[in-house]
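Features reported for this protein in TrEMBL:
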REGION    1-253  region '2-C-methyl-D-erythritol 4-phosphate cytidylyltransferase'
SITE      Arg21  site 'Transition state stabilizer'
SITE      Lys28  site 'Transition state stabilizer'
SITE      Arg164  site 'Positions MEP for the nucleophilic attack'
SITE      Lys224  site 'Positions MEP for the nucleophilic attack'
BINDING   Asp260, Val261, His262, His288, Ser289, Asp310, Leu311, Gly312, Thr383, Thr384, Ser385, Asp386, Tyr390  4-CDP-2-C-methyl-D-erythritol 2-phosphate binding site
BINDING   Asp260, His262, His296  divalent metal cation binding site
SITE      His288  site 'Transition state stabilizer'
SITE      Thr384  site 'Transition state stabilizer'
Amino acid sequence: MSEQQEQSVAVILVAAGTGTRLGAGMPKALVQVRGKSLAEHALDSMLCVPQVKEIIVVVPPEDSRLTERLSGYPQLVRTVPGGSSRAASVRKGLAKVSADVSHILVHDAARAFAPVAQYELILAELGKPGVQAVIPALAVTDTISVVASDPETGSQIVVQTPDRSTLRAVQTPQGFAAQTLLAAHSRLDHYSLKDLERVTDDASIVRACDIEVHIVPGDARSLKVTHPEDLDAVNRLFEPAQRNQLEQNMVIPRIGNGIDVHAVSTDPTRQMWLAGLFFPDDIGLSGHSDGDAVAHAACDALFSASGIGDLGTHFGVDRPEFAGASGVSLLAEAARLVREAGFEIGNVAVQFVARRPRFAARREEANQLLSDVLGAPVSVTATTSDGLGYEGEGIGVTAYATALVYPVVPEGQ
Ligand SMILES: Nc1ccn([C@@H]2O[C@H](COP(=O)(O)OP(=O)(O)OP(=O)(O)O)[C@@H](O)[C@H]2O)c(=O)n1
Ligand SMILES: C[C@](O)(CO)[C@H](O)COP(=O)(O)O
């Protein structure tokens, strides 16, 4: 498994700002574009990133509307009330991050349209040895000058004009090794709320601890909605020409189906293996293998999604080493083949229809085992057929699986 796959990432989505400059009469993260709030648009992308294991949305402290809007979101999305500045809000989010995450990304809800590819770029760079901090940035097109007030007239004057080629406009999401970001923020513990207002991003805090901050190319779509005209700019992202551009850059996932049927053995001593688990009270399924219909259907769904054949293609007579192999070992090999074909696995869902075994009490155990084998979430459910058909008569089991995979885009493309 590559370093990137081992990342376990928390995202802090800061969405607690009032949006004074936007002047929409509501917290900025609640402002709608195409029927969805900015915060929800931001969540759309990060929820597509498989390494993301939790998302802490930092919400306006005295406004419950965002929390209510997010109540139907998956469990990995949690909310926490924000603070009086961006940095204070990030700190509220950090306090809620689970201890076991390897990396933390901090993202502005105001940059609601940062694409999935931007997250992947940041995480790929963070996966390189020794890299602790990565931010996206764009070259600047304006000349940028440092200014000050003229002590005599009080008017603004140019103090210095740095070489533009050394300047970058910094965006979010900004990514960090979890311990690096936590340690850097802990140095702000004594800061007053006023001091925190001067901290405009997280990379600057980490840099102040002498940690190297790496740059990856930013993305024009990650523009920050700050002023009313920025809403026109983000709406333009949905116009046809731009949409084509969006689609070209999108990673299109692929789904696949798999079905497997096994008869219940007539041999009462045959062991029952299903979803990777042994069921000692049940008579097993017949077949040359262990008869694990759930694992077999999952393999077929993965092959189908990746367009690389089916169970017979990979575990047929020309691979004698798999004769009689357990369902779990077939699944592990299927995952390897899918990755070898250039895909990463999003998830696999399997439902089996059977009178026996009784599955509910062991569902979590099966999900955990198969997810570990696959390196991606697997969920298994079971149903009976109300007494109908071979499943209802208890003479056979059917498993139906769906798999989602997505092409891994090579770096730099
Ligand atoms: N107290 C704050 C202030 C800002 N933010 C978040 O930080 C991001 C960047 O801040 P900015 O664009 O400046 O948002 P606002 O503070 O809402 O804007 P304004 O300064 O115009 O009021 C936004 O997603 C915003 O919701 C936050 O979580 N908590
Ligand atoms: C974090 C940030 O988006 C990087 O450009 C920016 O600094 C946020 O600034 P704001 O003062 O909160 O608008």
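A Cβ is built for glycine as well, from the same backbone N, Cα and C atoms used for every other residue.
Of the recorded residues, Ser385 (4-CDP-2-C-methyl-D-erythritol 2-phosphate binding site) and Arg21 (site 'Transition state stabilizer') place their C-alpha atoms 59 Å from one another. Taking Cα separation as the measure, Arg164 (site 'Positions MEP for the nucleophilic attack') is nearest to Arg21 of the recorded positions Arg21, His262, Leu311, Thr384. Of all the recorded positions in the list Arg21, Lys28, Asp260, Ser289, Thr383, the shortest Cα-Cα distance to His296 (divalent metal cation binding site) is found for Asp260. Straight-line distance linking the Cα atoms of Thr384 (site 'Transition state stabilizer') and Tyr390 (4-CDP-2-C-methyl-D-erythritol 2-phosphate binding site), rounded to a whole number, equals 11 Å. With respect to ligand 1, the recorded positions Arg21, Lys28, His288, Thr383 contribute Arg21, Lys28 as residues with a C-beta closer than 6 angstroms to one of its atoms, given in sequence order. Here nothing among the recorded sites Lys28, Lys224, His288 falls inside 10 Å of the CA of Thr383 (4-CDP-2-C-methyl-D-erythritol 2-phosphate binding site).
For Arg21 (site 'Transition state stabilizer'), the number of other Cβ atoms no farther than 10 Å from its own Cβ, over all displayed protein chains, is 13.
Comparing the Cα of Lys224 (site 'Positions MEP for the nucleophilic attack') with the Cα of every entry in Lys28, Asp260, Ser289, Leu311, these being the recorded positions, the smallest distance points to Lys28. Reported as a whole number, the C-alpha separation between Tyr390 (4-CDP-2-C-methyl-D-erythritol 2-phosphate binding site) and Lys28 (site 'Transition state stabilizer') equals 57 Å.
Comparing the Cα of Arg21 (site 'Transition state stabilizer') with the Cα of every entry in Lys28, His288, Leu311, these being the recorded positions, the smallest distance points to Lys28.
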